[in-house]
């Protein structure tokens, strides 16, 4: 038979024995679990940016051991986002693996770092790797790149993703070393293509025992998979779940254009925010200004780019910020001639406390983008400028600690959440549409409504934000940050920040203020804010309703100087003054004539020298004012009566000795009447008042901003008492005629 025949004769019984043993269920011994200290994470980062620090923080959270290659080196691997490249990473891996090639029990995890976060720990990762029963496992992708012509060379897959993704792979050190030792290309050649060609070569794939993580048990590449993944809250933890394969990936990679989705997941994973514990990282790396002797220098950029209501209030609030004025510099761009008087009044106040003020007015004819570039550069060029705080004219900062709070959060870019009252409109977007515009993230409503509170990494913020000065002089050193393609300036800023890898945060940890609506702001009147009751009801109320109005319902401050004549505060001083100014500006007083074309029938039995609200287009505003602020008082003082809040006659009356000094006794054509004093007795006029004849009761010292409310057509016959000198103004409505 010869030696060969003898060996074959011995081998056949052994094979038969093995087959027999297998048929009896005799299995190989289960390999022991790989200890966590036998895992080494390797990544490449020639620079450190926000994405890198996020990756390292997630690794630290799970106690991964990480080795960073390429630190301090020049990146020569090309622009991987927009073209092929990345070969430098393979070259660095090749050099590093020479040190680990002989460690058979060491497992190497290579992963990107700028756009990766860990969602699970080393034990989970190693357990899933061992279950694959392969020496090297690559991330899998539904998209084939960079060479689609290689599709036919990939082995088929029954379930799962078919194509290799080089953003993450795990394997035993000797096998990883053998893999990268095959690299002999240039730094700017493509790493993805290199690994792809190794994998699709059947001999190399078998020799290195490579497989792909087809069902995303270890790696989740987000690009092309946005409809597969959701956020999962369970047992006090936050995870990313792949709903297609019912898996919980360990490493989440926001490859390609999916970085915004990764940023969204990064707000929660790993356990950055949970339903049970809220925000875990809100105070991470925060500072405390109460411990400093010298406050950081801040450039305050103020931008008025369109006619905006309530500007004096906006500007005054900036001066009430709880921050040392000697640490502030001021840059103001005002595009509107309409607001020049407001700016002048503001500067006259500010110049006593703020030493450096730069005003760029409408005469400069700067575009919004040019002005914003100039303001930001005002800080960038000053080495002493620690922060740039940009505030638009439509932001009402009601929290005086806003600036301090933002500085203490210690983020490169951070904005306070501000919203329009009663609406979901805010100064941030939680997601972007494919064309780069607004899309609503899953958590947007919860953040706006305060159901989820924290510090949120977002793709877009505007209106008000704080940027670190050192960031402007490093990552954001390009001066033309607000101009890009045909984008609006705010979108251009955010796009540039995203491309530079600078994270933008929004904070809703505090109540900071609100946004004003500039829609339908008509500047054709003298005091245009009077018309803002619909667009900006909160600001309208703050400016025009008496501060003591709420005490009507809490402290019972309503007075009753005559039977069923109720007296209560309603208007602020400013409301009274502006209403009088508006009427005098219009100037067409009726003259107290009986013949009056403004009313039905054309005849007034008891005429007054007046101007109707309808004449100055204030009728709808006034009726809304009655429904919102007069009707609740009516219900309190006339229990059981529910007013419709409607009036045909709403007008301002002017009494003076020269024109009309008094008004004869009469009943009003109303169920009840309101009569609001618009100026001060003793200061603006002498005399005047109202006498209710049935009760022989007079009120001769009306209070500015206070209203009488009394029944109309039946019981309360009354007259206007003579004005001796000066001019008296009252606002009157005959309600529910």
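Cβ atoms are placed via backbone N, Cα and C, with glycine included.
Among 624, 718, only 718 appears in Swiss-Prot as part of the Fe cation site alongside 666, 668. There are 8 other Cβ atoms within 10 Å of the Cβ belonging to residue 696 (N-linked glycosylation site). Separating the Cα atoms of residue 725 (N-linked glycosylation site) and residue 704 (N6-succinyllysine) is a whole-number distance of 17 Å. If you compare Cα positions, residue 365 (N-linked glycosylation site) sits closest to 704 out of the recorded positions 668, 696, 704, 718. Across the fold, the C-alpha of residue 718 (Fe cation binding site) and the C-alpha of residue 696 (N-linked glycosylation site) stand 10 Å from each other.
For the recorded positions 63, 209, 320, 365, 522, the greatest number of Cβ atoms within 10 Å around a candidate Cβ is found at 209. Taking the centroid of the Cβ atoms of 666, 668, 718 as the Fe cation site, the other same-chain residues with Cβ within 8 Å of it are 606, 665, 667, 673, 712, 716, 717, 719. Helix, strand and coil counts from DSSP across the domain 'Fe2OG dioxygenase' (644-737) read 3 helix, 52 strand, 39 coil.
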